[in-house]
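*Asks:* Have a look at this one.
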Amino acid sequence: MGVKAALPKHELYFYYVVLCFAMLWAASWILEVSSSNVNRKSFKSNIQPGWYFFGRKMDTADVEWMMWFSTFREHIVFALSGHILFAKICSMLAPQYRSLVHTVYCVLAVLSSMGWTYVMLILSHCMLLYSISLVKLRWLCFTAGLTMLATFKMEPFISWQAGFVSGSFELRPVFFYGGCGFSIMRCISFALENCEKKEGNYSVLELLKYNFYLPFFYFGPIMTFDKFHLQANNPDLSRKEREMWNISVQALLHLGAIIVVAILFHFLYILTIPSDLKLLKRLSDWAIAGLAYLNVVYDWVKTAVMFGVINTVSRLDHLDPPKPPKCTTMLYVFSEMHFDRGIHDWLCKYVYNHLGGQHNNVLDELVASLCTYGIIALWLGPSWGIFIWAFFNCFGLNFEMWMAKFFSTEPFVSIEQMAMSQSMSRRIRAVLNTFNFWSIVLYNIVALNSLDFAKLVAKRLLVKGFPLSTITVMFVTYCLVQIIKEREREQALIHDPDPPPSSTTTSCPIYLSDSYW
């Protein structure tokens, strides 16, 4: 109930006006702080000369973004352009061998940038997990794969394996950890799919084709082996109507997003300011709330753009890569939160859904979510910040299910259906989702920024800013949630204009999502 309930137009217009005014107000505070503190001593390492025609310095705190779109932009473009060129030539002359050509090009690219010892290290991972997969025991494949992944997160194994890479190439540490981490995750996927294969085994060549695909090799995203194998070996290379047009549009959108982010980095120092706690203590509550929100949104933009560039290349190779993550602005339930849809799909397929079953048992759900977030913590690299982030997100995910089950019982269902209108039900849901939204923001700030910044935001919004700042920020968030719900309502009507009567009574009285990851 309330999922497809419409609100009056004037009410929605009011929400839009409030939200736009609040965003501009918060941005004006951040702009003022960025302009007045550009020469601050704590900013010197991150605020560097930018585009000369702006006459302003640029926030360069995100090393990953700068690596992709500034420092090593030419190297990355050159490597991906070579892949596209060779793939196109092969698809024209010998399309049946295109996946093999992708593998050969990737091996040569990795060999030229990282050396033969690094290639042998990756091959050893592949051969070890391939050999274990022949036994066809899922638990053994998981144990071996996660143990291999753990060796890249703790000493002395890190230093020993890093010794396989020599030279002073600045990107080599990034390539080393990225390539090894994603390679192991792909090998685990292959091993688990081989365990599920009823007759015979996949060949080791299929594993090498899957693992050595350059667009995905160093930075992801991860496609599970079953999807990649099916698409890479599809003999039909014809394209759907307007597919190339859509690919071109997506490429231009990503280019536009890169330019917009670069421009914003000249005016809003959203990444550098949170690192200066002394400065943060002098900022207004609006500036603090805006910084917290924009940091989470920026991480989504970065992920969407970086994976979008790679996905554009892979779509030219007739692959259907993982979709971009859902916009942080659209998140108000933990069950839909994921910044990397490739890892999300991998975890859902092999861990969360495998252990959680139908996700209707509280104990099974708890075990599945604990194991899932345990693997995420290992993937991201164990640290107190990651452990705190994983714990609270795991708790939020399970708390949603507990509350969903609690409010789906009597008398709550009858009260909602009989004592209130659908529009009022939607408003009540939005109020509850408002607290969820800021819980998601605060929990993710711990991983994206620091625990100190997250504690400062929580203290300012819930303690020092109470009641005025707290109520004001929550009301603006309520307006945002209602706008999100309106967009979801319109999409639901497009896809299912006439739902069966039962569909309005089986949804959770509070949370709209039926999936719990």
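Glycine is no exception: its Cβ is also placed from the backbone N, Cα and C atoms.
Source: prediction; values computed, not measured.
Taken from TrEMBL, the feature transmembrane segment covers 12-31, 75-94, 106-131, 174-192, 212-230, 251-271, 283-301, 386-407, 428-446, 466-484.
Can you tell me where each of these features sits in the structure?
*Replies:* Within its own chain, the transmembrane segment (75-94) has Cβ neighbours under 8 Å at 68, 101-102, 105-106, 109, 171, 214-215, 237, 309-310, 313, 316-317, counting only residues six or more beyond its boundaries.
Remote same-chain partners of the transmembrane segment (106-131), defined as residues 6 or more beyond its termini with a Cβ less than 8 Å from a stretch Cβ, comprise 79, 82-83, 141, 144-145, 148, 161, 164-167, 169, 171-172, 175-176, 179-180, 183-184, 187-188, 190-191, 194, 204, 207-208, 211-214, 217.
Outside the transmembrane segment (174-192), and at least 6 residues removed from its termini, the chain residues within Cβ reach (under 8 Å) are 67, 110, 113-114, 118, 121-122, 125-126, 129-130, 132-133, 138, 141-142, 144-146, 148-149, 152, 161-162, 165, 202, 206-207, 210-211, 216-220, 222, 224-225, 343, 346, 350, 379.
Nonlocal intrachain contacts for the transmembrane segment (251-271), taken as residues 6+ away from its ends with a CB within less than 8 angstroms of a stretch CB, comprise 27, 30-31, 33-35, 38, 43, 46-47, 50-51, 54, 56-62, 65, 69, 291, 294-295, 298, 301-302, 304-305, 308-309, 312.
Within its own chain, the transmembrane segment (283-301) is flanked in space by residues 22-23, 25-27, 29-30, 33, 257, 261, 268, 270-271, 273-274, 325, 327-329, 339, 440-442, 444-445, 448-449, 453, 456-457, 460-461, 464-465, 469, 473, which lie at least six positions past its ends and keep a Cβ under 8 Å from the stretch.
Same-chain residues lying 6+ beyond the ends of the transmembrane segment (428-446) with a Cβ under 8 Å from its Cβ atoms: 2, 292-293, 295-296, 299, 328, 331-334, 337, 385, 388-389, 392-393, 396, 400, 420, 453-454, 457-458, 461, 473-474, 477-478, 480-482, 485, 509-512.
Away from its own ends, the transmembrane segment (466-484) comes close to residues 7, 12, 14-16, 18-19, 22, 285-286, 289, 329-330, 332, 426-427, 430-431, 433-435, 437-438, 460 of its chain (Cβ-Cβ under 8 Å, at least six residues beyond either end).
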*Asks:* Going along the chain, which residues at least six beyond the ends of the transmembrane segment (212-230) come within the CB cut-off of under 8 Å?
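*Replies:* For the transmembrane segment (212-230), the nonlocal Cβ contacts are 79-80, 83, 102-103, 105-107, 109-110, 174-175, 178-179, 182-183, 185-186, 189-190, 193, 202, 206, 306-307, 310-311, 313-314, 317, 319-322, 340-343, 345-346, 349-350.
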*Asks:* Using a Cβ-Cβ cut-off of under 8 Å, list the residues of the same chain that are 6+ residues beyond the ends of the transmembrane segment (12-31) and lie near it.
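*Replies:* For the transmembrane segment (12-31), the far contacts come to 267-270, 273, 283-284, 286-287, 289-291, 293-294, 475-476, 479-480, 482-483, 486.
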